[in-house]
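Asks: Structure incoming, see below.
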Amino acid sequence: MATAWTLPDHPKLPKGKTVAVVVLDGWGEANPDEYNCIHVAQTPVMDSLKNGAPEKWRLVKAHGTAVGLPSDDDMGNSEVGHNALGAGRIFAQGAKLVDSALASGKIYDGEGFNYIKESFENGTLHLIGLLSDGGVHSRLDQVQLLLKGASERGAKRIRVHILTDGRDVLDGSSIGFVETLENDLSQLREKGIDAQIASGGGRMYVTMDRYENDWGVVKRGWDAQVLGEAPHKFKSAVEAVKTLRAVPDTNDQYLPPFVIVDESGNAVGPIVDGDAVVTFNFRADRMVMLAKALEYADFDKFDRVRVPKIRYAGMLQYDGELLLPKRYLVSPPEIERTSGEYLVKNGVRTFACRQVTHSFYMFIIFVLIHEHRSETVKFGHVTFFWNGNRSGYFDESKEEYVEVPSDSGITFNVKPKMKAVEIAEKARDAILSGKFDQVRVNLPNGDMVGHTGDIEATVVACKAADEAVKIILDAVEQVGGIYLVTADHGNAEDMVKRNKAGKPLLDKSGAIQILTSHTLQPVPVAIGGPGLHPGVKFRSDIETPGLANVAATVMNLHGFEAPADYEPTLIEVADN
């Protein structure tokens, strides 16, 4: 009997074939050179897929707007990548998500806001972020709404720590933004709320460093925001910005740090015990370092001098791998009707496996305690994120999720092979068992080892991932199945920082500057296997295919048509 969940049969592709979906974490496509660890590594299996039938291998976007992020300057990540892979649609992941939460008021009902709200009675609410309407990292109107909402919900004392822009907006526009904010704060003061700007500085010189380029940038912000110390002191932020901009060769991006002081010369808003802190940028890359300084007990990148006991939340969670910060005001998108749920409800028996990296364990423990389910650990890229940020099974009788624990107490570059073989062997056994129609795995080597910045170890990691792919594809061959191999974002394919000409950047000592972050590179999608219909090939009429196109593709390989609102499939079936 047909239901709303019933998928129509594909007119040309049969059901009943075992489909293996392999996600290589951090495996992008970049120009070959000595810093492209995928190129340097011995990867005969992936090479054969790339250099084999051209109609069975292609590249797709895995960053920026293709995965719901605000702009194409935004790197992809594992969370949004697997969301797109599993959901088959593109969901807002940044500014739009915040806009929706503010408009609906949902932001004030969540765990994050209720956590910081506990400081409102006796403490100060501190807001830290980029004061701009550029819409790349933050937006002024969102800050205005957050100020209004927090003040209406009990915040009695508010301090704003501003970072001037001049990069995503015109240089000099900072004065207007500060005047606008000062006017809003003045209106709050008329209502009896003690609201002021407490400190500031230019985004490229204070706080907003990224990829651990220069911890001194974060320290300058820490000193002003937390300690209330800076080389420049003013009675108002408007005076501060106008005065500092008058210095020759100074612009909004590089304003030096300043603090606002009272009539006695004391800083009006250092962060102290009992306070609440919100970093209001929605873009992650230039907030991660500050989040680490605010949250990590064992932080060692600079001397924090004083570490206040605070309640801290980000506007969003900035790093899902690190679970950083632990609390945030706006939750990931609620994604319904994922491909995983559709397929299970259409009888597709599913096996999913990934390695659990160290940073997941606290979340896993929470899930186990919260759900009282000790028999299954549910968190993972090819389960939780793939299934629309949802833990648990859709139908336990048709699904099996397996997690392989990481080695504890070591960094990933020490054992760069990680558990790739163990994951592949579990996938192989699942395929050969005949109990599953889809076997889905994530191989984390390229990403997790790539993040260490150890080029030699990352080469080993890529080789290990390739060997794991071979184990899985050999099993697919044995059962007459189909495979789809792809990735969630780039990393291991480019391990060096580059100038605008693409040349490696050197530090002051002449050494190569290592890149440990994700990249903006596209990722591969390869299909094949003895069970693949001989007429299947990649389409050429999709203008800018991305990860979200993979879900409909996988549904087709299972013999189904995708729902009408899914991003179109990557494949077509030739008549001959």
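Cβ from N, Cα, C; glycine included.
Among the features that TrEMBL reports, active site, phosphoserine intermediate is placed at SER78. The Mn(2+) 2 binding site annotation in TrEMBL covers ASP25, SER78, ASP488, HIS489. According to TrEMBL, the substrate binding site annotation covers HIS137, ARG167, ASP168, ARG203, ARG210, ARG283, ALA284, ASP285, ARG286, LYS378. Sequence annotations record features per position, and here TrEMBL assigns Mn(2+) 1 binding site to ASP447, HIS451, HIS518. Feature annotation from TrEMBL assigns domain 'Metalloenzyme' to 17-356, 370-561. What TrEMBL lists as domain 'BPG-independent PGAM N-terminal' is 98-319.
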Asks: Could you state the CA-to-CA distance between HIS451 (Mn(2+) 1 binding site) and ASP25 (Mn(2+) 2 binding site) to the nearest Å?
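Replies: Roughly 11 Å, rounded to the nearest whole number.
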Asks: Same chain only, sequence gap of 6 or more: which residues have a CB within under 8 Å of the CB of ASP25 (Mn(2+) 2 binding site)?
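Replies: The answer is SER78, HIS381, ASN442, LEU443, PRO444, ASN445, GLY446, ASP447, MET448, ALA487, ASP488, HIS489, ASN491.
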Asks: Using the alpha carbons only, what distance in Å do you get between ALA284 (substrate binding site) and HIS518 (Mn(2+) 1 binding site) once rounded?
Replies: 12
Asks: In the predicted model, what is the mean pLDDT computed over the domain 'BPG-independent PGAM N-terminal' (98-319)?
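Replies: Mean pLDDT, the domain 'BPG-independent PGAM N-terminal' (98-319): 96.
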Asks: Residues near the Mn(2+) 1 site, ASP447, HIS451, HIS518 excluded, by Cβ within 8 Å of the Cβ center?
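Replies: Nearby residues not in the site list: ASP25, GLY26, ASN77, SER78, GLU321, GLY446, MET448, GLY450, HIS489, ASN491, ALA492, THR516, SER517.
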Asks: Same chain only, sequence gap of 6 or more: which residues have a CB within under 8 Å of the CB of ASP168 (substrate binding site)?
Replies: SER132, GLY134, GLY135, VAL136, HIS137
Asks: Hey, how far is ARG286 (substrate binding site) from HIS518 (Mn(2+) 1 binding site), Cα to Cα, in Å?
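Replies: Roughly 14 Å, rounded to the nearest whole number.
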Asks: Please name the residue among the binding-site residues ARG210, ARG286, HIS451 whose C-beta has the most neighbouring C-beta atoms within 10 angstroms.
Replies: ARG286
Asks: If you measure HIS518 (Mn(2+) 1 binding site) to ARG210 (substrate binding site) at Cα, how many Å is it?
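Replies: For HIS518 (Mn(2+) 1 binding site) versus ARG210 (substrate binding site), the Cα atoms are 12 Å apart.
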Asks: Do you know which of the binding-site residues ASP447, ASP488 has the most other C-beta atoms within 10 angstroms of its C-beta?
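Replies: Highest number of other Cβ atoms within 10 Å: ASP488.
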Asks: In this structure, which of the recorded positions SER78, HIS137, HIS518 has the fewest other Cβ atoms within 10 Å of its Cβ?
Replies: SER78
Asks: If the Mn(2+) 2 site is taken as the center of the Cβ atoms of ASP25, SER78, ASP488, HIS489, which further residues of that chain fall within 8 Å of it by their Cβ?
Replies: VAL23, GLY26, ALA62, GLY76, ASN77, GLY81, HIS82, HIS381, ASN442, ASP447, ALA487, ASN491, HIS518
Asks: Quick check on the binding-site residues: of ALA284, HIS489, whose CB has the lowest count of neighbouring CB atoms inside 10 Å?
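Replies: Candidates: the binding-site residues ALA284, HIS489. Fewest Cβ atoms within 10 Å: ALA284.
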